[in-house]
Amino acid sequence: MNPEYDYLFKLLLIGDSGVGKSCLLLRFADDTYTESYISTIGVDFKIRTVELDGKVIKLQIWDTAGQERFRTITSSYYRGAHGIIVVYDVTDQESFNNVKQWLNEIDRYASENVNKLLVGNKSDLTSKKVVEYSVAKAFADEIGIPFLETSAKNATNVEQAFMTMAAEIKNRMASQPIPTKAGGPVVRPQEGKPINSKSSSCC
């Protein structure tokens with residue numbers, strides 16, 4: 001194993017354009033927030049290493065980087081993902097309605113046992129909120145995935161969202177036999193080597 005970490009998990013952020021995926025990523029990875037974040041077209045990811053139950057976990061978190069506006073997210077984006085966070089905007093009913101479509105995309109392209117998390121972002125905009133917590137929670141419970149409301153602006157529950165996902169994946173990994181072949185669910189340490197050389201240029 002790589003001495004720097006015990007696990008390397010690939011996480012994806014998906015959801016409608018404008019729901020705050022990039023802001024969530026920036027808040028968690030860099031603890032920064034900007035009102036005027038403009039996502040680039042292409043692939044964007046950031047790295048953050050966390051500790052969980054005495055294990056060091058390297059999280060490689062991918063953002064769609066604007067591709068969702070053109071419906072061009074391809075199967076390659078989902079390939080190899082250990083966890084997928086589906087984000088909607090609590091002030092935008094349509095973005096919540098489209099969650100089902102995003103979940104269908106996951107079922108179509110991602111691995112069968114991928115972990116999922118539903119996140120309602122922009123919880124700080126209480127006066128503009130149209131998607132009630134109880135409605136989203138009931139939906140998440142119905143399909144059996146965790147749910148959190150977050151605010152990238154106020155940093156509310158952002159840490160908890162990513163740590164919840166990391167814990168869910170770690171628990172799933174712990175209950176599975178360790179794969180001996182390449183391409184198994186636990187990413188081999190050597191696959192993580194190119195990451196550091198790219199991470200500084202993907203803001």
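Think of each number as a place in line: the chain as shown, counted from 1.
Any Cβ shown, glycine's included, is placed from N, Cα and C.
Annotation source Swiss-Prot lists GTP binding site at 15-23, 33-40, 63-67, 121-124, 151-153, citing similarity to another entry. Counting Cβ atoms from all protein chains shown, GLY15 (GTP binding site) has 24 others lying within 10 Å of its own Cβ.
Marked as motif 'Effector region' by Swiss-Prot on the basis of a curator's inference: 37-45. Over the motif 'Effector region' (37-45), the average per-residue pLDDT in this prediction is 61.
The region 'Disordered' annotation in Swiss-Prot covers 174-203.
The S-geranylgeranyl cysteine feature in Swiss-Prot is assigned to CYS202 (among others); the stated evidence is similarity to another entry.
As annotated by Swiss-Prot, S-geranylgeranyl cysteine applies to CYS203 (among others), with the evidence given as similarity to another entry.
Reduced to three states, the DSSP call for SER123 (GTP binding site) is coil. Ranking the binding-site residues VAL19, CYS23 by the number of CB atoms within 10 A of their own CB puts VAL19 at the top.
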